[in-house]
Amino acid sequence: VLSLAWLGLVLGEEKDGEVVVEEEEGEVLSDKLEEEEGVLVLHEHNFARALSEHRLLLVEFYAPWCGHCQRLAPAFSQAATTLRNESSPARLGKVDATAQTALANEFGITSYPTLKLFHDGNRTHPLAYTGRMDTEGIVRWMQRRAGPSATLLQDADTAAAFVSSQDLVVVGFFKDLGGEAAQVFHEVAREVVDLLFGVAQEAELFREYGLSDDTICLFKKFDEGRTDFPVDPARGLEVAELTKLLRVHSLKLVMEFTNETTNQIFTAKIPHHMILFLNKSSSAQLELQNGFRAAAGTFRGEVLFVVVDVNGYGADVLPFFGMTPADAPTLCLVKMENNRKYHMEQDSFSDTAIRTFIQAVLDGKVKPRLMSAEPPEDWNTRPVKVLVGKNFEQVAFDETKNVFVKFYAPWCSHCQAMAAAWEELGERYKDHENIVIAELDSTANELENITINGFPTLHYFPAGPGRKMVEYKSARDVETFSKFLENGGTLPEEPPAVSEVPPPEGQTPPTVAQGSPQL
């Protein structure tokens, strides 16, 4: 997820029941509500009216130039149409946050798109949207807020039909439906919109499902079939904990990476992924899944086991791992917090070998494998120096140079937009004695102690000892870049975010005497 940090109200007169405002340029705005493709077009003059007329209003704050917003637009419009066709009280609206700066400031909009739900006209405490960014996800999320979040089950036949209606069903059994635990359950049901929720109180149903105390049951048509989560009478239920349990146990013990499962895999927020890359057209490689599955149960909730077909849907992710289809079969564990990859080197794919490898990684006994492209021959003669994993240390931490590095992704539209400015900056400083302008493709190169979470990310590595790194967060134009560099890595408007980067394990910081290049 990429995040980017981004006119006064003129009094008007009232005509025919509408507030009409004339801007300085002659444009007339009113509080009339108009639509584009089923979505309300909102601005600071009609926003209050929209809140008063619609009990549930989901508003997208967008920027016209934002690629993510442009991709969301068709799904957002289709969701608006679907909800209207269902006669739902939920409506969708949109605000151009770059033009309606008063609204953007009021609601703290700093990235695009940002979606907020306004309930019963409450303007001061909107709810952040937490659903999927597609038509079905938006519709389901709004439906849960427009109607009951869980179906009341009152007899055995109704419960049986409900449980068998889908592959995954959650039923909360509570002796007191008005109690705190039941209320937490409903809160979770409103958020976890991709699961079907039911609730039961009848003693008959407790007996039918072999329960004596309050319990949440997850029914599934795979793996063990049912998982129970008893409610601790002393602790009760906690929203985050129950949500995580349902997310973890609603996944198959071993997930296949497909278009349909991608969202499940990444929204479960399991900290490690153990991936088996194989060619599904090979019967010998398919048999390797047996040991893989046998090892999976040991680490449930801590490690998610995923199978990737290197010639199928998973082919597109292979470059991220520095792999080709010819490398299958192979095993790799990924730490999700920093995308560090640990490749299992042994030839054995037994459950014992897999468990041993995973535990060694979790215990910090295995070093990650870091990708690095080969540096082009002219990497250090260009105005913008080309860094890769192999030469980053010697350049960025050269104690005689101040090095300004752009970490980018080739496909990133924001990176493409600032490419010309970065090249111009390189030209401006190409002959400078101690300032170096550089860039690193973070999709092809990994660094041991620096994690890049968004693109573009700009870091300044000042000359001198200490391996310091300053994150640049200001305007992305040549003049501001130059001001930053000429002031030694600071801007008067804000203090720099300085951190220290430890050297790679087993190495000492490079110095000029150790062979750092003179650029």
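Backbone N, Cα and C atoms are what each Cβ position is placed from, and that goes for glycine too.
Annotated domain 'Thioredoxin' per TrEMBL: 9-147, 361-490, in sequence order. Among the features that TrEMBL reports, disulfide bond is placed at Cys66-Cys69, Cys412-Cys415. Residues or ranges marked as region 'Disordered' in TrEMBL: 486-519. Residues annotated as compositional bias 'Polar residues' in TrEMBL: 508-519.
Ranking the disulfide-bonded residues Cys412, Cys415 by C-beta neighbours within 10 Å puts Cys415 at the top. Across the domain 'Thioredoxin' (361-490), DSSP assigns 33 helix, 27 strand, 70 coil. A 10 Å cutoff on Cβ-Cβ distances gives Cys69 (disulfide bond) a total of 20 other Cβ atoms nearby, all chains included. Its Cβ taken as reference, Cys66 (disulfide bond) is surrounded by 20 other Cβ atoms within 10 Å in the chains shown. Cα of Cys66 (disulfide bond) to Cα of Cys412 (disulfide bond): a span of 11 Å. Using DSSP to sort the residues of the domain 'Thioredoxin' (9-147) gives these counts of helix, strand and coil: 44 helix, 40 strand, 55 coil. Cys69 (disulfide bond) sits 14 Å from Cys412 (disulfide bond), taking the C-alpha atoms as the reference points. Taking the domain 'Thioredoxin' (361-490) as a whole, pLDDT averages 94 in the prediction.
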